[in-house]
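S.K.: From TrEMBL, here are the annotated features:
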TRANSMEM  B:20-40  transmembrane segment
TRANSMEM  B:52-81  transmembrane segment
TRANSMEM  B:143-163  transmembrane segment
TRANSMEM  B:191-213  transmembrane segment
TRANSMEM  B:225-253  transmembrane segment
TRANSMEM  B:260-280  transmembrane segment
Amino acid sequence: MGHIDKGKLLFTGGVFLALALYPLVAESYGIDLVTKIMIYAILALSLELLVGSTGLVCFGQAAFFGIGAYAAVLLSPESEAAGWWWLLPASVAAAALYALFVGALSLRTKGVYFIMVTLAFAQMAYYVVHDTPLGGGTDGIYLYFKPGLDTLVDLGNPYILYFFTLVFLVWTFVFLAILLRSHFGRVLAGIRINEQRMQASGFSTYPFKLAAFVTSGGIAGLAGFLFAVQDGFVNPEMMSWHLSGALLVMIILGGLGHLHGALIGAFVFVFLQELFKSEAVFGDFAKHWHLGLGLTIIACVALLPRGLVGLPEMLHQRLFGFSQRAKGKANGKLPDNTATEEAV
Amino acid sequence: MDFSIFLIQCLNALQYGLLLYLVAMGLTLIFGIMGVINLAHGSFYMVGAYMAFALAPLVGGNFFATLLVGVALAAVLGYLLEWAFFSFLYEREHLQQVLMTYGLILVFEELRSLLVGDDVYGVTPPDFLAGSIALGDVMTYPVYRLFVSAVCLLLALGMYLVFTRTRLGMMIRAGSVNREMVQSLGIDIQFLYRVVFAAGVAIAAFAGMVAAPISSVYPGMGNQVLIICFVVVVIGGIGSIRGAFFAALLIGLVDTFGKVLLPQASGVLVYVLMALILLWKPNGLFKAAG
Amino acid sequence: MKLFRATVLAAAVLCATSAHADDKPLKVGLMLPATGTYATLGSAIENGFKLYVDENGGKLGGRDVEYVKVDDESDPAKATDNVNKLIKGDKVDVLVGTVHSGVAAAMAKTAKDTGTLLVVPNAGADAITGPLCAPNIFRTSFTNWQPGYAMGEVMAEKGYKKVVTITWKYAAGDESVNGFKEAFEKKGGEVVKQLSLPFPNVEFQALLTEIAATKPDAVYTFFAGAGAVKFVKDYKAAGLMGSIPLYGAGFLTDGTLKAQGGAGEGLMTTLHYADELDVPKDKTFRAAYSKAYDAQPDVYAVQGYDAAQVLKIGLDAVKGDVSKTAEIAAAVEAAEIDSPRGKFTFSKAHNPVQDIYLREAKGEKNPEVSVASKALADPAKGCRM
């Protein structure tokens, strides 16, 4: 196990604690909203594994998300609630299976071509559910009974679903954190920095990339399952490239190469949307909320090159005039490497 | 399908392919040559279409005058955008370009909504191009579409010649391969990039203006063409103008005949095509050369 | 930031009062598209709705109306979140929305589960007054089936035998064509080919060539918005307008005639509204609307106007108490709605039983030619009410 940054640990622990305590002060809309954000956070984490950690920019993550959701709905029996203990793994497996198929084929390409091939496969999944009777067509399909296990884990109850989701968010985060610090994770980091060098050192990079791809797809499927359970409704738009794009925006906004960047990105992105849509703040102009959101994103790119995770450091530099990095170098610690130049 | 119908469908395929190439041309420049992932390409196309609608009354209704003014304005816009935003991005990661241009899409859409509103508008082609040619006794073909195809061919030829036969083209191609080297040879690479970017935006807007009488002018039109443009460039091979040309024609064929022969799957055929080509030739059909 | 959100929500909790006061303002949740392709429809519906409320002193059911708006972006994936925001977050008393059928279906499902009163002022999916029907859900627009069915009858009566249909492959297109086919084939016609292309693809050339090759007596189509503009223009440019008559559901020519630049002149369509209707209510409505908004109303404005009317009728009967769903439903079911489109009543499934007009495009208007189908009721397949 490598060195664990105390600051990051405190921060992430604090976030999870706040999320655990939130239901004490929130009312039902707040519970629904934060559950939804946590689902997007899980989805963002799945993409972070690929983009930030392995340097594989996937533009088709929404497909795995959608497949997990559709599997949850299609596999549920018509007239009674399904047991989540088999439905959840089934949804994850369905998504992971598609990821295996897509990964096996698309990992033959690199760079921008890889991005476009992943997009192509996502579009294929989209059109299958959009245009064929398999997916219920353009208007989507409903889940009439939310899965559970007796009344103990009745996922129809928003509070239970909230904590269920929180548990999986924490689990995903911890799982990925351990994974990235393991030997497997180190190989992925090596692939991100310089794949040729890894190959020269004797690593067969393809199986590692494929494993990362399948893991990522499975986690996205988990998020899809949770989404289907919460909304009770799935729709082809869940697989659209707009969602894939929004996810990329979230993790870049948060800061690539950091797991908590994905967390931050998801929360901030949704928060920004809510803020700009809010009539309370913007009055009649709220209908043009895309403008505010777009300008904020542009400002973030211009001013925060490393994403929001880089913000404390930047502020520190501005306020105190000396570099954390210099201090860090002096102590023998190296700053985090977030370069993904070679990835695209 | 009898033979005459087959021929007409081939004509449809060719015409659609050329239209696609025209629309994707701006992107082949900015994405293909300069390597900037420009998600806002669809927005520039939309700007062109809306300009065709808005400028027409101001310029006295002459179609060609509208085109000229529109292209000039778009070039200026492109130049300013490059100076204000994009020049910061070359050093940065591609993903930041994705983020920045994603933000630009949102901004452009809302500006359009604020300035021109959300209605659907039509643009009429000039009278001498508004007729139709009979294709046997089956149907007629609008002259304007043939005009658009001709424009596209001319533009494609022009771009090809500029890139392969002129000094400017040589400098641009060199700059896309090795920016620092070109700079150290004394060429002002910043100015060069600005010019290329402005040209890319101008061409995208030009395509929007020329296509407007066919496609109409409506909200979200930019987003609809965006993905297909990227598909064209990628299938053709990034950096290859010739490649994008053939890719566009191929897509035209697949889309047209797909609609007729496999209507259930026609939505996905283009993507299946892209996946197949990239699995066969992981870097697109043609190598980056021009 | 999470703390900020928690504080804001906590404050909202403190400010919120529970339901049940008749003199408290009536919170109307308007879930309509403010951005995207359907933005103009959203604003027309809103304008129509507000016009009616203003004509009634700003009150419905004796309570002052307070609006809460949400932009649904015509995105079904966000629909449930947006509805929940209105119902649970803003605690609206009634819901009004929306344009896109996928979004409206999510609204209907949530309304059905929570018992919130919902009026749908546009989305035409048959399912909303079909399997998703409920006592607290009303629709003041149409089902996709209705204009299609009416046109099927019209075209059969005109003597056409072989027809080709063409539309987008999505619920609205499918349902419209199915309605057409049902009526047309019942009267002895034959639909020789059903052409479709993926939504929202607008490259029609290949299919127009197919139509030309098939040489049917006529064509029935369903397209709306920018697609309708392009289709009509392309149809004309392909020289088919003269040789193979084109008919369609009203959206083909509603709001699109100007952009079509004259290509749509003379097209006959069916819809539950038309220009130059000989209905006194329509004349006063149009005058009031153009005075208030400096624009001409369209079918969407009428649907919004009638949505407010439905709410008034229902809420007046219960003196503003939205919890009395059964009484509200009974009052509206028994009522005759005095709409600018003509008077109509509701079917058991809560969809309008209305006259479908045959219209002909003249200039930038669609004046009524005749009544294609009198008091046409949607069969409401799957509704168990």
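The backbone N, Cα and C atoms fix where each Cβ goes, glycine too.
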S.K.: How about the transmembrane segment (B:143-163) and the transmembrane segment (B:260-280): do they have 3 or more C-beta pairs under 8 A, pairs 6 or more apart in sequence?
M.R.: no
S.K.: Are there three or more C-beta pairs under 8 angstroms joining the transmembrane segment (B:260-280) and the transmembrane segment (B:191-213), sequence spacing 6 or more?
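M.R.: The answer is no, given that the two segments have fewer than 3 Cβ pairs within the 8 Å cut-off.
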S.K.: Residues of the same chain, at least six outside the transmembrane segment (B:225-253), with any C-beta under 8 angstroms of its C-beta?
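M.R.: Result: 13-21, 23-25, 27-28, 31-33, 35, 39, 41-42, 45, 156, 159-160, 163, 176, 270-271, 273-274, 277-278, 281, 283-290.
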S.K.: Which residues of the same chain, at least 6 past either end of the transmembrane segment (B:260-280), have a Cβ under 8 Å from a Cβ in it?
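M.R.: Result: 1, 9, 228, 231, 234-235, 250-251, 254.
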